[in-house]
Amino acid sequence: SQYSAVDTNPLSVYIMQPIWNKIIKIVPLWIAPNLLTFSGFVMILLNYFLISFYDWDYTASGTSPGLVPTWVWLFSAFTTFCAYALDSIDGKHARRTQSSTPLGELFDHGLDSWATSIFVLSFFSVCSRDNGKTGVSVYTMYIYLSIVLFNFMCSHWEKYNTGVLFLPWGYDISQVVLIAAYLLTGTVGVEVWQKPLLFGYYITDVLVILLIGFSLFLSFPQTLYNIHRAHLKKTLKNDSLYEGLLPLVSPLLLFVLLTVWVVLSPSNILAKQPRLFLWMVGVAFSNVICKVIICQMSSTRPELFHWFLFPLALVVYAAISGLLGCMEEAVLGVFTALVTAAHVHYGVCVGRQLSEHLNIYIFSLKKRVQE
């Protein structure tokens, strides 16, 4: 299917696009677009692991403000900008080099589905965990991450039904806010997040309110409106309501299972291991949504239950019934490692199958020689 995306965000159209159009001119024509996409993702990962090293349990900013060196925040601003730029020019570069392929589209959106959670998890280190005075609670973090992923899911669910990806306004705004937040933290220090901004509200409160407002009152209604419009124009991809709602089943069940674990965990797993748990949430979500993206691109029906829900249900049951006892953290660690490995393996396999099927290399513009 032909890739079509619509971007109506003024920030993107009037400010960012002209910048990307200048940057794209310096990219050599022999570089494969997927290489740009992947480099951006590697920068996000690098930044995430660097921050994790200094602030494993999200307490550094709140309890010992100097613990994360200033250069780390400035590096975060730099990597976030680079990743944002690379993610914005990879498609332009593909058109420039006449190398747009379904593989490139899947590669881009697949990595985005994972990067979305990593951006959020890195940002939590800025505002830090609740220490009684400042910071956000781990439950707020979980809800915050869920809302961001819900937004991501909506735009791909919409594309599954309409065939058009309406780029969410939140994307460009969030990237610019992230870069500004890191620069602010690097120049002023993390203390800026711990002083009330207006009427006793902290900057973090304002951001959470903005995020929820954006999602519930802008993104989600926009998605429903676009689907409704396609329905009126008779351009919907799926005739039945069942078919149209099918891709939402697995992500919603995933969210239900994870929330049950968070709420009913005997050892309060989210508070004990927020970084592991939230990472696992992001990876699991990415895997589920990648299946939806593939179905949408290949015009196939997604399965009702993603395979991943079964082992997760088992682990959640074992945890909340007390079967795991004091092993809950260890089991989360092993489970997270397995989920991450399974997701990487899945990505590599799909990439290889597509590159063979389309007779192209993933990271090179040379054509494969037919066997």
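Yeah, the Cβs are placed from backbone N, Cα and C, and that goes for glycine too.
TrEMBL lists 26-50 (among others) with the feature transmembrane segment. Within the chain, the transmembrane segment (26-50) has long-range Cβ neighbours (under 8 A, six or more residues past its boundaries) at 72, 75-76, 79-80, 82-87, 89-91, 93-94, 96-97, 99-100, 103-104, 107-108, 111, 114-115, 118-119, 121-122, 361-365.
What TrEMBL lists as transmembrane segment is 70-86 (among others).
Residues or ranges marked as transmembrane segment in TrEMBL: 136-154 (among others).
Here TrEMBL flags 197-220 (among others) as transmembrane segment. The list of residues near the transmembrane segment (197-220) in space but at least 6 beyond its ends in sequence, with Cβ under 8 angstroms from a Cβ of it, reads 127, 134-136, 140, 144, 147-148, 150-151, 154-155, 168-170, 173, 177.
Annotation comment: TrEMBL describes 241-264 (among others) as transmembrane segment.
Long-range contacts of the transmembrane segment (276-294) within its own chain (CB-CB distance under 8 A, at least 6 residues past either end) are made by residues 106, 109-110, 113-114, 116-118, 120-121, 124, 141-142, 145-146, 149, 152-153, 156-157, 160, 247, 250-251, 254, 258, 262, 269-270, 300, 302-303, 306, 308, 312, 332-333, 335-336, 339-340, 342-343, 346-347, 350. Feature annotation from TrEMBL assigns transmembrane segment to 276-294 (among others).
Summarising the annotation, TrEMBL assigns transmembrane segment to 306-324 (among others). Using a Cβ-Cβ cut-off under 8 Å and counting only residues 6 or more beyond its ends in the same chain, the transmembrane segment (306-324) has close neighbours at 250, 253-254, 257-258, 260-261, 264-266, 269, 284, 287-288, 291, 331, 335, 339, 342.
For 330-348 (among others), the entry in TrEMBL reads transmembrane segment.
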Maximum Cβ pairs under 8 Å to the transmembrane segment (241-264) - stretch from the list 70-86, 136-154, 330-348: 136-154
